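Comments concern the structure below.
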Amino acid sequence: MILETIEMLNPAQREAVEQTEGPILILAGAGSGKTRVLTTRIGYLMKEKKVKAENILAITFTNKAANEMRERVDETLNDEDTSAMWITTFHSCCVRILRKSINKIGYNRSFVIYDSSDQVTLVKDCLRELNYSEKAMDPKYIISVISNAKDKLINPKQFREKYKNDFSKSKIADVYALYQDRLKRNSALDFDDLISKTVELFREHEDVLDFYRNRFRYIMVDEYQDTSRAQYELVRLLAQGHQNICVVGDDDQSIYGWRGADIRNILEFERDYDDVHVIKLEQNYRSTQIILDAANYLIKNNIERKRKKLWSEKKEGELIKIQLAETEVDEAEFVANTISTMVRTGERSYKDFAVLYRANAQARPVEDALNRAQIPYNIYGGTKFYERKEIKDMVAYLRVIQNPQDDISLKRIINVPRRGIGLRTIEKIEDRASLKEESLYSVLIDIDGNSDISRKAKASINGFVDIMSTFRSLKQIYPASKMIEKVMDITGYLDELEKDKSEESQDRIENLKEFISVAMEFESKNEDTSLEAFLTNVALTSEPNEEEEHADRVSLMTIHSAKGLEFPVVFLTGMEEKLFPIARAIASMQDTQIEEERRLCYVGITRAKEELFMTMTGKRTLYGRTNHSVASRFIEELPDDCVERLNKVQKEISYSKASYNMLDKYTKKYMNTVNKAEMAKKANATIKQKTDIADLDNIKLGSKIHHPKFGTGTVVAVKGPDITIAFDNQGIKTINKEYTTIDVIK
DNA sequence: TCTGGATCGCTTTTT
DNA sequence: GCGATCCAGA
């Protein structure tokens, strides 16, 4: 069975499956069948190499990917028990490890997990405690700095040391230290902690690390280009020793740099491990050759990448169609009309189409047009189930029941529904708690001994403590679903919603019912049905169950969320400078940011199997302002023979200058904050990095060359088919000789 | 404690 | 253009 499956693979895929020992880097281009390779590899390990399920660890980024992989592994290994195999996300993997041993680094094993809004609340509390004003220090910014530090495994102490000469960063260091302290006191971890605390645990307790090293003899990491430094280190620690580490990724699809993904992890894998096998999966099973040509041609404009060239056995296919519309309304109408026509003629059904955009704000006019044309659609993004107020309230109750030390959750629900415990009272409780270095809940328990709180407030507090302790004893006998019901009932939360006949309240009741059934489903599917397990599941999930995937509807989503998906027909909308690439990336004047935008465009293009439309407007109203549009540089970067311009899309050649002049006040202001020194450093780093020199044909180091687009320049590095050239006027670029004709100047 | 008007700010998002 | 958030005042 498994050998037959392997027979069907192409040589590169096959090598990736059969090379089971030692470090392997699989560079898997878009649509090259990497999930298939990974699942077959796991099957091969078990069937042919007789590796036990429990010795295999497969890590993904999303629950969706993990579930999908588990399903497909079970399909491949229909008669084997794979339950001991860990196929999980980074975060679940770490939670599992931490729940077992985090007490060794001084945390409570029944910690709760804080999401981003809990982080905001906690940082605001910290700011207040430090007497720093929220105005001067934006909590969201502080969180991003802290999160960044954690991704790089920089703890508060190291952070303070690192920025001791930087005034504003020193202030953030204070917040970071307090924040971390408060998390610990609340028995809480944030998402970043899940990773960094696991690394800390491994570093400080060799016995724990040894245990897992021994257990996970074969490690596979999917979407390796999205790993952060902390995740990288985690994997490195586990793989050290046996070195059976297989990472799969595509540097060209790295689009999460802004949330800590460090592209160096993939670019430097070969340096970090010894005797790395590099396997490139370049055969694409998804798209037509035209689409792949366009994608290849576009992405070669990026300097920092591993060379790959996708090819397909599929025929050439349809040209990429570019449409210029007058406004975003016309653009949306064009999309709707095209879909309508193709469905009417029976060529396509609705589910064959995806409308992709750079920013969620672009969805509105598309929705309107689809509604007018009565086209069914699904829109992805927007408020998540677990972010809804009523759900967060319930979760907060459950958390406090589970872990009374959780001050953040306690404050959320202490007066919800209203029970006469106002801000003043809470402040007094907080003061007392911080004085005694105790949790809020322990102050509440003996509130009677507190002199400066009114009798009325004390009565309310005692009432609250009473119901909470009732819940805590009910927890012993009831599963989570029943607990939610009890909380809704006993606290009067449901009553209050039912009294209010507004549509909003009715929706909330519906959502709470949904939440109960989510809990029931969880209980029927899992062995561990404890409240703690349920809360962990909730924290690590954004949507409870993805249904309706097979409905015949058009999909609307950002390009980011389309990653990993494919559609017969794709519309890439808003192909305009300042929208795509987004204004901030242009304004930053940093190549890395434009390159990430370009990769995003690459991801968008490679979602299409058969037909690709790109649309842009002449003028666009966004965020209440109307601006003239300039064609995206990414349109200009496509090869002419892959493209058909449906109407007169003007060829804007001087896009960079034009768009710079058109930058609005907001962008220019942002631009001023860009650190010039950093840019210079970046330029130097690029030169230094390319020192691997090979003498190839007549182009060598120091050669003067002429490029049709970028003019004259000097070769500063040669690596395989790539040559890096310092152009006289266009800066440094790496170019693949296979794509461009370059003249050598004597 | 609640309210309504002013003000802000605005890319992407999973865990 | 629009929603979230803030803050003054009842």
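Backbone N, Cα and C atoms are what each Cβ position is placed from, and that goes for glycine too.
Feature list (source: TrEMBL):
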DOMAIN    A:7-288  domain 'UvrD-like helicase ATP-binding'
BINDING   A:Ala28, A:Gly29, A:Ala30, A:Gly31, A:Ser32, A:Gly33, A:Lys34, A:Thr35  ATP binding site
DOMAIN    A:289-564  domain 'UvrD-like helicase C-terminal'
>> I'd like to know the mean pLDDT over the domain 'UvrD-like helicase ATP-binding' (A:7-288).
In response: 92
> Which residues, in sequence order, are found in the same chain with Cβ within 8 Å of the centroid defined by the Cβ atoms of A:Ala28, A:Gly29, A:Ala30, A:Gly31, A:Ser32, A:Gly33, A:Lys34, A:Thr35 at the ATP site, excluding those residues themselves?
Replying inline: A:Val37, A:Asp250, A:Leu281, A:Asn284, A:Tyr285
> Which of the three DSSP states, helix, strand or coil, fits A:Lys34 (ATP binding site)?
Replying inline: helix
> Using a 10 Å radius around each Cβ and counting other Cβ atoms from all shown chains, which of the binding-site residues A:Ser32, A:Thr35 yields the largest count?
Replying inline: A:Ser32
> Taking DSSP three-state, what's A:Ala28 (ATP binding site) in: helix, strand or coil?
Replying inline: strand
> Relative to the Cβ position of A:Ala30 (ATP binding site), how many further Cβ atoms are located within 10 Å?
Replying inline: 26
>> Can you check which residue among the binding-site residues A:Gly29, A:Gly31, A:Gly33 has the largest number of Cβ atoms within 10 Å of its own?
In response: A:Gly29
